[in-house]
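Peer 1: Mind having a look at this structure? Questions to follow.
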Protein chains: 2
Amino acid sequence: MDKIKQVAIVGGVHGNEFSGIYLIKQYQAKPDLASRASFNTELVWANPEAHYANKRYLHSDLNRQFKNTDLANPRLANYEQSRAKVLNAQLGPKGDAKTDLLIDLHNTTSNMGACLILTQAGPFYNQLAAYVKMMMPEAIISRDEDHFAAEEHALMCTVGRYGVLVEVGPQPQSVLRQDVLELMDCMTQHILDFAELYNSNSLPALPKQTEAFRYLHSIKLPMNDKGERLGMVHKNVQDKDYQPINPGDPIFTLFDGTEIYYDGDTTVYPTFINEAAYYDNNLAMSLNEKVWITLD
Amino acid sequence: MDKIKQVAIVGGVHGNEFSGIYLIKQYQAKPDLASRASFNTELVWANPEAHYANKRYLHSDLNRQFKNTDLANPRLANYEQSRAKVLNAQLGPKGDAKTDLLIDLHNTTSNMGACLILTQAGPFYNQLAAYVKMMMPEAIISRDEDHFAAEEHALMCTVGRYGVLVEVGPQPQSVLRQDVLELMDCMTQHILDFAELYNSNSLPALPKQTEAFRYLHSIKLPMNDKGERLGMVHKNVQDKDYQPINPGDPIFTLFDGTEIYYDGDTTVYPTFINEAAYYDNNLAMSLNEKVWITLD
């Protein structure tokens, strides 16, 4: 039977997302908080130099360095590319990992609350999602599992045999909010409890249907030919992560006052609205559809 | 009679505070928005390289470089020290400035709304404060005018004969929020209107008493001997800028769960609560007393 024997909780993949870094410190001070009877837990601070520099990363985004081909490429040698290889050796190797479950802790500046992001599919994830949502109704389940095969996924969490992201906001970069830290701790504790119950085959009855949001694509801010921004996220959309955007709803305001309307055909649900870290790419938000996770 | 003939509106002194940078761009596209019949307005983007780097500053905080002795010291030659000398030549020189009124636009990650910060004293400022608060009741007036003589003040706004800061939040670093941009525009427009009415001696009847907050001192996060943080701003205080803290109120939560209480003797009013930019100095918040600005 499938067992979770080794868990890794990873914080600080991004140096200016403080909650994971401090939650790891809290767990290091009281290791019982992060372990259960049926498994061991390793606590990992992924990117300390980026934190000391008070930046998301020094050379390149660590959470985009875990493709199999990149991990195997010795010429990729900058700080984060090197950290990825070290973390893969420590917690993986990806595809044959000593870590059964990897929990990667992140913050967003968007108003996303406590969000469990699943990047791979399968019955384990479906039960985990149903359990977390049942125990923590304010939790949001986000799915992005069918855009890549696991070996092509570049995310830290794909190093584990199972892996999830815990994404909590809103929190500005380089700030530590007590409420956000507590939400991250709460969701992490539920995931650890789930693994313990899963191991002993003693999960409670789980809901047959669990609401989730499935990633479709991201949209960019309005820009001119020179790559300059012409507008911003409409104030009606700001902070309204997971709230429906219908065809014809205002979505951007140009600096000259013009409103731009959503021109899609169906209702979509935005996430990562105005996320600061996506500044480089001029991303305005991610769009999702509402889906149901069904247990047999 | 005192006249405001030359105004400067300065944005982007800090590269990751986006509202001022974009408000300057909007005004450059429609210069009439920034001028009035009785004065000219110069629009200045103070620190473009810090913005391109998506950082507060490259080498040192530009808004701490305007002491007279530093402006006169040719050995202070890093990027921001050089920008300060250029801006002083362009808009000053400080103490004998061609700019009668300098409006310096800033953002904070703290929940401070639209805040007019006065760093110098006098009847002009008192009338300005009374006018802005009358026209924009949600505005907050903040005073920090009696800690330094003007020549020792290190702030950008002290380059002008008169100078104020417009500080608007909450906005994460590197994010542009429409609501925050509109608040900044609104306060700036009221300041420009005031200057126009001041010049023509046609100010409306102003309230005799205007509420303001006077800066007392800042307090640091709890730390150990090694300079590591032991706790964070208490969640009861987070986002409660300008709300009273009374002796004995919880103010910090340590990572071990202990609550720390405010041990002052009097009621104080916090500002810049958990401001991201004060990370380097471990500052938790500024404390203020409530005062009244009185017109004769």
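Please read every residue number as a count from 1 along the shown chain.
Even glycines carry a Cβ here, placed using N, Cα and C.
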Peer 1: Of the residues A:His106, A:His153, A:His190, only one is listed by TrEMBL in the Zn(2+) site with A:His14, A:Glu17. Which is it?
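Peer 2: Matched candidate out of A:His106, A:His153, A:His190, per TrEMBL for Zn(2+) with A:His14, A:Glu17: A:His106.
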Peer 1: If you count, for each of the recorded positions A:Glu17, A:Glu167, the other Cβ atoms lying within 10 Å of its Cβ, which residue has the minimum?
Peer 2: A:Glu167
Peer 1: Same-chain residues six or more away whose CB lies under 8 A from the CB of A:His14 (Zn(2+) binding site)?
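Peer 2: Same-chain residues close to A:His14 (Zn(2+) binding site) (Cβ under 8 Å, separated by 6 or more) are A:Asn47, A:Ala50, A:Arg56, A:Tyr57, A:Asp61, A:Leu62, A:Asn63, A:His106, A:Asn107, A:Ala277.
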Peer 1: State the count of C-beta atoms found within 10 angstroms of the C-beta of A:His106 (Zn(2+) binding site), not counting that atom itself.
Peer 2: 24
Peer 1: Taking the centroid of the Cβ atoms of A:His14, A:Glu17, A:His106 as the Zn(2+) site, which other residues of that chain lie with their Cβ within 8 Å of it, listed in sequence order?
Peer 2: A:Gly12, A:Val13, A:Asn16, A:Gly20, A:Arg56, A:Asn63, A:Leu105, A:Asn107, A:Thr108, A:Ala277
Peer 1: Return one of helix, strand or coil for A:His106 (Zn(2+) binding site), based on DSSP.
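Peer 2: Looking at the DSSP assignment, A:His106 (Zn(2+) binding site) belongs to a strand.
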Peer 1: Round to the nearest Å and give the CA-to-CA distance linking A:Glu17 (Zn(2+) binding site) with A:Glu167 (active site, proton donor/acceptor).
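Peer 2: Answer for this pair: 10 Å between alpha carbons.
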